[in-house]
Structure formats: structure tokens, C-alpha cells
Amino acid sequence: MLATWTPDQEFNQVRQRSGADMKRKLNWYDLVALGVGGMLGVGVFVTTGPVALHQSGPSVFISYIIAGISALLSSLCYTEFAVQVPVAGGAFSYLRLTFGEFMGYFGGANILMEYVFSNAAVARSFTEYLSFAFGENNPNVWRVEVHGLPKDYNMLDFPAVALILLLTLCLCHSTKESSILNLVMTIFHVIFFGFIIVAGYCNGSAKNLVNPKGIAPYGVRGVLDGAAIVYFSYIGYDSASTMAEEVKDPYKSLPIGIVGSVLITTLLYCLMALSLCMMVPYNKISEKASYSMAFLNIGWSWASNIVGAGASLGIVASLLVAMLGQARYLCVIGRARLVPSWLAKVHPSTGTPLNATIFLGKQIVLFSRFQLSGFCTASIALFTELDIIIELISIGTLMVFYMVANALIYRRYCGNSNNNGGVLYSLVAS
């Protein structure tokens, strides 16, 4: 539980347990695209509408600024660790090298929970926006209602499950090809964001930012509560750190990829939030498919279909990146033998963690020990409403980022000579 590893042991002895090495094919722009793609499909399309309606009002863009600053500071912690320890394990490896096996496992379990729940949340939003892309104004039109199940758990989302399984097959093939696919989708998605921003500003009114109850109708507390919720939108930048073993020049590319993606995403989030609140007064924003409904309210039904198609594309990119990082976390946890070691195997021809990817994408369940798998992602997306999922994610995200920040402080000022001291420091800080 208290044993720590040196970076040299992690690079050589531990990494050899995967058999073949992951192939180094990614450049800095691949990492920026992965970070941006991993975040953009989540934020504005999943959290902006509900937060503006219930927490922040028109000041939701301020909530995004606060969350963005916090994410930037957190990303700097990840960047420093990623340059020092360029291995695929992300937060799990950083905590394991600093505080020992137990803290690494605890952080890894939280980060996997975060990924599984966020994937489920985004997959359910995919179904809502896809229905608008095909001209259906009911976000539940493609879901199946099952009578007898509890409320909020009775709408079965089969398109979300199908999407998760399809992406799993893509990720098994090649990391580079998956990255290229994400790069193309991200470019189209940013262009699509530009359309929504310009259309919102041209057809909206600044009066909607102060009507009916001012820019911050719920006060400072509402803005901060909104920031806590929209921080969910920044899940994804840490995916770049999990790709460290597949980057050609990790010392240059990782800082650009991690920090650059957070800055770009924060700017786009703020502009998109302002666009929505200018089009529709905050008290009339729809919780479901907020942007599509906003365009319907201003009479642009054709734009509502475009928004549905663009949002669906962004959500696919977000899921692709999240599942990419998720499999690498599980692979490195397998190297540490905290889960079965066959999950750590890297396929010699594809250079991808094939077993971990399939395990997380297909219906393989080991609830007795891990409680996290692709079956969980699919089943959560199948049954559970969005607001419940977002609330569950918040605590796991906070815990992992907090632990990484503490690990960086300890590693910088205390070194790593006393294993028990490292664990003690973590416990006291927590």
C-alpha cells in the first residue's frame, strides 16, 4: 500500500508488463485537438442550459470563467507532472509515484468513475440533439419508456448504447487514426461553434442579459454554484496527459496540448454561453437541447436542425477522447497489478491497449472488484437522467484534481524519500 516507484522504474520495469510498446505517432496539434474535442462536446450542450435556468442566470458566462481559471491551474499541475513522468497513467501514475499504491488506486478509481459517468451523460445528450438534427422536436422521441421503473430511470436510451459500442471498435484499431478522426471532427465543430456564436449575437439582444431580474438573478452564490456544475464541462483536458507514451516529443507537446486546449475551450464556452443568453431570456431557456430550442424560439427552425447535427458531432468527438483516455488509465492500473494484468496488454500490431478498450466498451462486468466497465457506461446511459449523473461526477472530479495538486506540492518541496511521510501528508491535507 505504501510502496512508491521511481520514474525510471515506471518507464522500464513497469511499462514492460504491457508486452509491446504504444506507438509514438502524436504531435502537439493532435493533443490540442484531443483536449478541445474532449471538452467541447460536453460543456455548452450539456450544462449551459440547466445552469443558466437554475443557478447562474445570464451570468453563466462568469461561471465558465471561474471554472476555466480553476481548470487552467489544475492543468498546470498535470502539465508539470506529465513532463516529469511522461507515462500513460495520468493522475493514477502521478499519485502512485508520489504517495504510493493505495493513493494511486484511490485516485484511479475516482478518475474511472468520472469518465464512466461523464461518458454516460454525454451519450444521453447525443440522443437528444440527434433527434433535433432529424427534425424531431421531442428530445425523448428515440428513447423507450418502461413502465414500472422509478422516475428518472425509466427512459431507455438505446442510441447512446450503440454509439458507445461503435466508438469502442474504432479505438481498438489505431490511436493515430482515431486522433485524425477527432481532429477532423473538432475542426468542423469549431466552425459550427462560430456559426452559433455569430447567429446568436446577430439575432439576440443584450437586453436579455439583464431581463427579467438582472445579470445575476441568483446572486454571487448562484454564480459560484454554477461554476461548480459547469466545471464538469472541463473534464477531458487530462486525457492529453494519458497519451504521453504515444507522443513524439512529450516535453514540448504535452504542455502545449494540455494548457492550449483549456484556454481555447474556455474562450469558446464563454462566447457560446453569452450567445444563448442573448437569444433567450434565462427563465425561458430549455433544459433539454437548449441551443436547438433557442433557435426554434427565434423562428430559425432550420438552424435548430443544424445545431442538432453539429452538437451530435461534437458529442461523438468528446466520447471518442474520453474513451481513449479511459482505456489508458485502466491499462496502467493493470501494469501495477491492481486489476488483472491482462488489461495492461498492448497489442503489438495496433499499439493500443486492446484488452482495456474492449473491457470498457463491451458488456464485460467484474462488479465484485472494480464496479467500472463499458457495461456500466452503457447501462448508466441507458437508465439514468442527466442531472443525476452530473451531480455524481462532481465529487470524483474534485477529489482527483485536489490529490494531484497535493502530490505536486509534496513532490516539489518534500521529495520522495519517505514513503510513509508522503501518505501521511496526503491524509492530513485531505
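Including glycine, each Cβ sits where the backbone N, Cα and C put it.
According to TrEMBL:
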{"type": "TRANSMEM", "residues": "31-53", "note": "transmembrane segment"}
{"type": "TRANSMEM", "residues": "59-81", "note": "transmembrane segment"}
{"type": "TRANSMEM", "residues": "102-122", "note": "transmembrane segment"}
{"type": "TRANSMEM", "residues": "179-198", "note": "transmembrane segment"}
{"type": "TRANSMEM", "residues": "218-237", "note": "transmembrane segment"}
{"type": "TRANSMEM", "residues": "258-282", "note": "transmembrane segment"}
{"type": "TRANSMEM", "residues": "302-325", "note": "transmembrane segment"}
{"type": "TRANSMEM", "residues": "364-383", "note": "transmembrane segment"}
{"type": "TRANSMEM", "residues": "389-410", "note": "transmembrane segment"}
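Contact between the transmembrane segment (302-325) and the transmembrane segment (31-53) is supported: at least 3 Cβ pairs lie under 8 Å, counting only residues 6 or more apart in sequence.
The highest tally of CB pairs under 8 A with the transmembrane segment (389-410), across 31-53, 102-122, 179-198, 258-282, is held by 102-122. No contact links the transmembrane segment (102-122) to the transmembrane segment (258-282), because fewer than 3 Cβ pairs that are 6 or more residues apart lie under 8 A. The listed stretches are 31-53, 59-81, 179-198; of these, 31-53 has the most Cβ pairs under 8 Å to the transmembrane segment (258-282). Counting same-chain residues at least six beyond the ends of the transmembrane segment (179-198), those with a Cβ under 8 angstroms from any Cβ of the stretch are 25-26, 29-30, 33-34, 36-37, 40-41, 170, 268, 271-272, 275, 291, 306-307, 310, 313-314, 316-317, 320-321.
Long-range contacts of the transmembrane segment (59-81) within its own chain (CB-CB distance under 8 A, at least 6 residues past either end) are made by residues 43, 48, 51-52, 90-91, 94, 215-216, 222-224, 226-231, 233-234, 237-238, 241, 254-255, 258-259, 262-263, 265-266, 269-270, 273-274, 276-277, 282, 401, 404-405, 407-408.
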